[in-house]
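Q: Just dropping this structure here.
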Amino acid sequence: MQAILAAAMAAQTLLFSATAPPASLFQSPSSARPFHSLRLAAGPAGAAAARALVVADATKKAVAVLKGTSQVEGVVTLTQDDQGPTTVNVRVTGLTPGLHGFHLHEFGDTTNGCISTGPHFNPNNLTHGAPEDEVRHAGDLGNIVANAEGVAEATIVDKQIPLSGPNSVVGRAFVVHELEDDLGKGGHELSLSTGNAGGRLACGVVGLTPL
């Protein structure tokens, strides 16, 4: 009986030795030392790099294709770098020679033609004026001039028509008018609201484009 018990104990010892992994698998080389939390400290260069990691506004571009009920049509492209002014390049054809009011209107709604684009874009609730005036609508962009062939080309640089932010012009509409804009100085009853620029010949909604 004792021989049987001794043999069973020996077999159990052998089974444990065969199945138990070596202690070294559970022990890191530094397990003899107590573990403390690890804290990474950046040097002066790393701290400066972290401060310099600021997300900047990239260059933005947009376009509006002008269409109307007449033969007037055109393309307006807009470019803005970071928070700088917006550059607007205009080319319109089919106009009568001379000056034509050119404005940015409040809405990008053309369901009823250019009439449904609403009034001039005017987030500051001011009266109509010239682009260089302190008191003006943000959408007051003055006049474009058509040559003898009815083609008007212009470049406008303006700080009040950004492509991002709360006053973004994306989704609003450019409108080219029948008459000259009097820039709020004509003394007409409409001078301080529309510049007495007459009917709306063509319009187009501003949309962002790939760079």
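Cβ from N, Cα, C; glycine included.
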Q: Of the candidates H120, H128, which one does Swiss-Prot list alongside H103, H105, H177 as binding Cu cation?
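A: Between H120, H128, Swiss-Prot records just one in the Cu cation site with H103, H105, H177, namely H120.
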Q: Distance between H105 (Cu cation binding site) and H137 (Zn(2+) binding site) at the Cα atoms, whole Å?
A: 10
Q: Spatially, which candidate from the recorded positions H103, C114, H177 is nearest to D140 (Zn(2+) binding site), comparing Cα atoms?
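A: Nearest candidate: H103.
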Q: Anything within 10 Å of H177 (Cu cation binding site)? Look among the recorded positions H128, H137, C203, comparing CA atoms, and list what you find.
A: C203
